[in-house]
């Protein structure tokens, strides 16, 4: 059974009452939050409360951009008369709610037409103008279609052009439009905006794409001069969303062929071309029985489809449209229990019974959000002003402005800028970072995009990924931390993308076998395919896209270091995930290597992506990326003295700048771990939290320490700066940067209130070689042409810059020395230098043993640049901690490393690989195990008696084994763990005392009572812990005595030390010992399901992984690399790695940027 066509009554001109509005608003917000599974959450209830308060106070409220996008898409989804609404999720929404004049409306509509036309590859688009408000005339587009043809009524009643537009054409002529009296004259747009008088605007001919109609078999068809426009844009609908009404919201999809061929050209009340074409075809038009009308109708529709397809303009035939809708309807019934449909409007105007929709039972009902048909003749209701004949842009005599008038003008100018920004395409630039470099690149990209797009920079952690589908243009700039991990503020973003993929698609592609984000990211490195493909020059229409992000265009730039096996892996993961979710890439994935050419890679990528973005959004005359803004302008930065003000607490300042929970720990103790005659220094620092209740960490976690720069370097920099015209270095100041909004300059704070000395000491990085961008700024301050030329060369020539950076690794002081003509105002340097970033160290303590302390094992960095011939450079943090007096406040925060924690089951054995300072996290492991053993076996002393009494029998029977027995006696505190060590001592007895061989069975028998007694007293069974460590020589060994103690106590089952430069021994590395103990390693990892931990620099970790692969291959005959990947995926293979020390490059390099 079909339905009758019901035309919804248009809403009244006045907005809804508060009560009715609140009902609609609550229903809509419930739909919105339910759509991404956040209903009944804190955010949901907060938004409901916020809207309720706004309606009570003002009688209305505003939708967020995400809510507006959701509403517009679902209004199309709910439209009962649209056969093409299966593409509802791909609708592009342009927010024009800040627009205030007809001229601004026209500019927004031109942008809409340009974007939607897309050179023929039509994109479904809607532009939404301000909502209806009490006491304000509506914003309206008076045309029923943005693009339509004029109709001229002649004296004899005949019409030239489109008869449907005769009345509107006459109204345009009355407004002053000059008619051309042709069959296909483009009508002007007539627009009204609130209290403004309506205005008409001619559409630029180059903006409107028209298709000349021709027939594949009738050459004469082209001679008839028929044509039609490519973009069908309905501008007479009202969007009813959340109780708010938007009377002006032009919307387009793309044509179905019959809309042009049957309705527009052949309908008797439109162009009525049936008979002229029938006569051309030689048909008998005198009798209906010849079915000439049907034959003409078919050929006209064939011509329309043929012409559009030949011109590469998007169009769909009515058969495919019918099939597509039936499929959509089936899905909707499964998902929502129904699909409102108007049979009369759904069935195409030809081939009725041959289509599935013709035979489909439909039910017509209304859902909200909704599109509602309005009065199509707004000029009938408009109250024309008596003085409208006066030109709107007429000039008044100039007069002088007073201060108040000038202030109002400034405010008005700022509001115009705000409106201009709101009408632009919005571009969201997401970043994730550990050191701040990704954020700096993101802000630089924003500066490039700002002149054309409405760009914003957002940290991934601050963004709700559920709203990503409502974005139009997305840029991602992210680093990779450690061994292929996301930065801390990018973890949730990564997980949310994976959750979205699993929600919308059961086919996970390269993610199918991944059990965690970490393995997903690592798997992305092995994925080729889309990354290797060239950018598709002729982009596919979004109508053909699939996935929840099919309406999003994106690009990704990854930062990393090729020293790492998972180079820039997180960026690649984001790139692949966005593609998997249906987003359209603008350019291929690009990564910048921290070791070489990162700045150059970013520059090339940013230029390419800017051009691609302008092309994607059809922005004309934007072929070149804007050049960087002049940052050397000292008038745009300033420091202002602050009188009678003390500096704020340093930890609070760092908390505000970095957004971390910074704690003031106290340096309680510092221990030199290496021998006095060692040429290296490694220190153990103990930080006291003085009973802080929020000190919580697990073995394997990290402590991030905010260091201070060397006082000598800071003092020397302050002496070299040009402070003649400014406050002294010890004067408390405000550091500010000028930003422009319209014509109004406003000053915003760049750093917290503090002295210049404090800023250079604790807040700014003065030791890292400056970027090319900073060198460009410094070049503006050089008074010598030679200095200026060299600085400009370094700033523009990436190859010269990289060589200079790697050879000299210069800090700011050395640059001031190298370029003596530099006279830099403190304000400029304070605003250009990057922030001093925290240094991350593995925690070397356990709260089981040290509940109020955090220990860290730190290699003190000290080296000479220029291959050992340059000045001495020191590590910022390690040197500060090495020289700071006991009692110094150390600002720091804790970071969880969940992938490097001990196994939840303590009975599982573990292997720990950590040469040099890589041993740091394993100290927390053995401290944790020692504490657990002590807490688990409170009555072990009683059980030791039975064990101790068995020892004399062995001693008496094997007097020469006496030296081996004490280790057994001393291991009794952890009695269960001593048995393997006791058994391990027996072979040495056998080897040293063959005569004792017969007594060993009695030893083993006498140990059984201990093993029988222990289970009744022991709560847990602990797996063995084996450590592989290494260093250059014995004097470089750290924690030697502690390791021996842990073995004596049975905490460590065993440990092995590799010495690589001991004179009397062959060179040995940890990977060599692993291969040497292949059988034992294989036993623990593969047969006992043990965990394998690696800590240290990246090159060592790579060698250890290769060694483990060799062990697995030799011992088990397995596919080695696949087996290690399987261990990773099962969370049995753990890595906590950092960059190697590269002397030429100036210190430690990490994959984190």
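Using N, Cα and C of the backbone, Cβ positions are placed for all residues, glycine too.
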From 376-396, 397-417, 418-438, the residue range that Swiss-Prot assigns the feature region 'Calmodulin-binding': 397-417
Cα-nearest neighbour of residue 916 (NADP(+) binding site) within the listed binding-site residues, 358, 697, 703, 706, 836: 703
Between residue 703 (FAD binding site) and residue 1100 (NADP(+) binding site), the C-alpha gap once rounded to whole angstrom: 22
Proximal but sequence-remote residues of the same chain as residue 1095 (NADP(+) binding site) (Cβ under 8 Å, at least 6 apart): 842, 900, 912, 913, 914, 918, 919, 920, 921, 922, 1135, 1136, 1137
Integer Å distance between the CA atoms belonging to residue 1100 (NADP(+) binding site) and residue 706 (FAD binding site): 27
Distance check against residue 845 (FAD binding site) for the binding-site residues 926, 1090, 1100, keeping those with Cα within 10 Å: 926
Binding-site residues listed as 703, 1100, least Cβ neighbours within 10 Å: 1100
Three-class DSSP secondary structure - residue 845 (FAD binding site): coil
Number of other Cβ atoms within 10 Å of the Cβ of residue 700 (FAD binding site) across all protein chains: 24
Cβ neighbours within the same chain of residue 358 ((6R)-L-erythro-5,6,7,8-tetrahydrobiopterin binding site) - under 8 Å, at least six residues apart: 322, 347, 352
Top Cα neighbour of residue 839 (FAD binding site) in the set of binding-site residues 911, 926, 1090: 926
Reduced DSSP assignment, residue 911 (NADP(+) binding site): strand
Fewest other Cβ within 10 angstroms of its own Cβ, chosen from the binding-site residues 842, 845: 845
